[in-house]
Amino acid sequence: MVILGIDPGLAHTGWGVIETKGSLCRARAYGCCATGTEEPMDVRLHSIYKEIRQVIDRYHPSEVAIEQIFFGQNTKSAIATAHARGAALVACACGGCTVGEYTPMQIKKAVAGTGAADKHQVTTMTRILLALDHDPKPDHCADALAAAVCHAHTVQNDRRAQRAHEAVVGFQRYPGEALERSM
């Protein structure tokens, strides 16, 4: 499966493409769409849309993982990020991709094992999990790759749960059949 991860931001939107085979994840490409602060908002959003569409057209991801917005103290920054996220989501919808949305804490936990991981821990673990020779830079790229890894793990866990459910349902031959327990 090919997954596109996106770390939205108005000034810098990071993206990363990974490919999964079984439980292995490998990075195929990553980059960052930078927009100038002097550009009008519509031009900046169009730049983000175009770059994400180009990535989709080039790598053909079937699924996308995008980071949800964290609303901290800076409302203005959160609104700008929401605009960038919207442009990226429209590009994904136009590209026919299924989108999974994850909080920063979910991404950190999936990659580093704890939702309290710092940037350095996330970047290092992303490098290790994707067998990269060096830390992905800038940080927006590392965050996008981490989102893709989080999605890969989530999809894999969902499939395991589905198989387990099907096994249990298949085991019960008749609806409502009680299982006998030996003591």
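Backbone N, Cα and C define each Cβ position, glycine as well.
Bear in mind that TrEMBL entries carry predicted annotations, made automatically and left uncurated.
Some features that TrEMBL has for this protein:
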- Asp7, His140: Mg(2+) 1 binding site (BINDING)
- Asp7: active site (ACT_SITE)
- Glu67: Mg(2+) 2 binding site (BINDING)
- Glu67: active site (ACT_SITE)
- His140: active site (ACT_SITE)
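Under 8 Å, Cβ to Cβ, and six or more positions away along its own chain, the residue listed as 'Mg(2+) 2 binding site' finds Ile6, Asp7, Pro8, Glu101, Tyr102, Thr103, Pro104, Ile107, Asp143, Ala147.
For Asp7 (Mg(2+) 1 binding site), the number of other Cβ atoms no farther than 10 Å from its own Cβ, over all displayed protein chains, is 29. Around the Cβ of His140 (Mg(2+) 1 binding site), the same chain contributes Asp7, Gly9, His12, Thr13, Gly14, Cys32, each under 8 angstroms and 6 or more positions distant in sequence. Classification of the residue listed as 'Mg(2+) 2 binding site' by DSSP places it within a strand.
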